[in-house]
Ligand SMILES: *[C@@H]1O[C@H](CO)[C@@H](O)[C@H](O)[C@H]1NC(C)=O
């Protein structure tokens, strides 16, 4: 009797725990007011987001952003450019829990392997044909060629890429459930940090010689951007 009673109870505890874990893994917290336009000049120490501008100095333009209307300059080693519309340049987004990017890719161009620690990404192919892929924590690779008008989703925090496999330029619009998703760009994080990760750590990690690490460091050091 007691045994058969304890089973549903432990199941309940299991479900409650899973629910708590899932609900604590949400993206940005809900706002507590209509808006809190970021005061990007504020020097106060803040834990989440930026302090609000006084409502008296909030203007319509705080809620508009034209930066995604033009392509970025793709004349770089990856043949791509990421134009960001996040709280850092679009102050009306502060506390609202979302942001967008525009990704421009020349034929053969790539938005290299990277992850967003604070957001899931929903992408829409505006133009072109793009191979999109990510790797799960179970090390499974999920990938598909996505065409104009089609969409994809990259679960939060997972390593992913977009690669233009079409014959013309590609444009991808991405939305994030964070006002500042953050980006960990694999090549720059591993081989271009300041100061650099010691070679011994990298040779042991990747099971290769110093020369391989030095070659990779020579390509990515001294920059957080490409
Ligand atoms: C992306 O494009 C912008 C606007 O043309 C440019 O200022 C920036 O340097 C480009 N970034 C890269 C990484 O090429």
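Every residue gets a Cβ built from N, Cα and C, even glycine.
Listed features, source TrEMBL:
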type	residues	note
SIGNAL	1-27	signal peptide
DISULFID	36-52	disulfide bond
DOMAIN	66-214	domain 'Cupin type-1'
BINDING	101, 111, 116, 121	oxalate binding site
BINDING	114, 116, 121, 160	Mn(2+) binding site
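The most densely surrounded of the disulfide-bonded residues 36, 52 is 36 (count of other Cβ atoms within 10 A of its Cβ). For residue 114 (Mn(2+) binding site), the count of additional Cβ atoms within 10 Å of its Cβ stands at 19 [all protein chains shown]. Broken down by DSSP into helix, strand and coil, the domain 'Cupin type-1' (66-214) contains 22 helix, 58 strand, 69 coil. It is 30 Å from the Cα atom of residue 36 (disulfide bond) to that of residue 114 (Mn(2+) binding site). A gap of 25 Å separates the Cα atoms of residue 116 (oxalate binding site) and residue 52 (disulfide bond).
In this structure, of the binding-site residues 101, 111, the smallest number of CB atoms within 10 A of the CB marks 101. The average pLDDT computed for the domain 'Cupin type-1' (66-214) is 97. Within 8 Å of the centroid of the Cβ atoms of 114, 116, 121, 160, where the record puts Mn(2+), the same chain has further Cβ atoms from 115, 134, 154, 158, 159, 181, 183. Comparing the Cα of residue 52 (disulfide bond) with the Cα of every entry in 111, 114, 160, these being the binding-site residues, the smallest distance points to 114. Of the residues the record lists as binding oxalate, namely 101, 111, 116, 121, the two whose Cα atoms sit farthest apart are 14 Å from each other. With respect to their backbone Cα atoms, residue 101 (oxalate binding site) and residue 160 (Mn(2+) binding site) stand 15 Å from each other.
Of the chain residues outside the oxalate site list 101, 111, 116, 121, 82, 103, 114, 123, 154, 160, 162, 174, 176, 181, 183 have their Cβ within 8 Å of the site's Cβ mean position. Cα spacing between residue 114 (Mn(2+) binding site) and residue 121 (oxalate binding site): 12 Å, rounded to the nearest whole number.
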